[in-house]
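Peer 1: Not my notes, these are from TrEMBL:
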- 6-245: domain 'Cdc23' (DOMAIN)
- 306-339: repeat 'TPR' (REPEAT)
- 340-373: repeat 'TPR' (REPEAT)
């Protein structure tokens, strides 16, 4: 990144070349990035591309066809381009045929099936395109854009291995074309795969790695990369800011993500990309007024954009109007059947409406679009849990856990599954691991304690409950956990059995503060008083490794460690 002026020149040049070939998104990406850099003086602007003899011959046909292409008359554009020899015209010819097939496929999908039928509708042009492009490829007549199109055709035909090789080749031939890098991102499923790719050593590789780390949930590495890109001079790039916000959304640092999105909207108020992610954050925080404002705002900008439909869907979902929400997610899928977020969100809505078969279908579609979508795997697990099919659950929760190894929700779900299947040792490992990675919902310790209770391991159960109570109180939250009363009740009874009257009465008094344990607490206090009056002394022969002081603060409550479960060998 030593010479930002040279990078700006390259970006302006590739943005123009992408637009000439109808690659709108790659052109937009390069232009946005170029905009974030300092403007160039007139003397340093990139020169217009040099025309070859072939270009000059095809110029008329190309100009006519490009105007038809821009109006989405793909067949017409292809008709006038047949027989053109120049690289640019040939690419537009093949790309027009490809898009024509895609458009017909999408139209047919929408007309005949509605978004929840698994259509056997295929792009008829793909096989012919593959044959023609592979001949050109063998003869080494494809430029970077041609290789990109060949890769897309292979991917659509599910020839993933060949597609990856072609995209890597495209990145070597034309490293500035973001489209090829992005396609490569969608095909890489894990870090191991990434190691074996021989990628060109260029500044574009940094953007690619940051993006793929975000996709693979390696968020710390991604954030480091984005920070280094900002330090290198891309601090004004809205693309990088939005990616950082998405990264924070992925690690559930909701406040940070929200503040970045708000900043982004100030910089680029008419932006629609990533606003569905922003709406997910507002949904999780139940921020109705903000979500309503966002939905109205996007509706004014463009109501027939996929992201707008998803935001409105989230808004209705937050108002518990699930039928309406599902309707908007369906509308989003009619606009773009390959839009991942809408499939997953629609699955959630069908779950709310208790329509499990439709939910399963929607989640499966989401996984077809992107196998790395942990929410869809997790959703399938939940659906099969409702259907009381624990072995299926286990499979789907495991897949979700593999994608998010440090997400406590997946681990707690896995633990519950193992519990249902009576594999209590595995369940204990899951709960303990969920606690170790930072339990979001603060339920892992309670579940672990109840397991110990079941297995009559009263000491471990008591230790779990104590840790749980410390956690709740150290957060400084107003305690609305039902389980707090359960914990105090268990501890009161445990200390009572151990004849530790002071600790038992302290816990019993805490029980009196909760409706569901008030009577038991009072009864226990009466019993303790009786025994004390009869002269029963507090037991000293029972090793009392723990007690609960009145403050219940974490720093002055010594607890013996819960016997650590060996997690090194087993990752559920």
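Just so it is clear, glycine is given a Cβ too, placed from its N, Cα and C backbone atoms.
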Peer 1: How do the residues of the repeat 'TPR' (306-339) split into helix, strand and coil according to DSSP?
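Peer 2: Per DSSP, the residues of the repeat 'TPR' (306-339) fall into 27 helix, 0 strand, 7 coil.
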Peer 1: Looking only at the repeat 'TPR' (340-373), report the model's average pLDDT.
Peer 2: 90
Peer 1: Using DSSP, how many residues in the repeat 'TPR' (340-373) fall into helix, strand and coil?
Peer 2: 27 helix, 0 strand, 7 coil
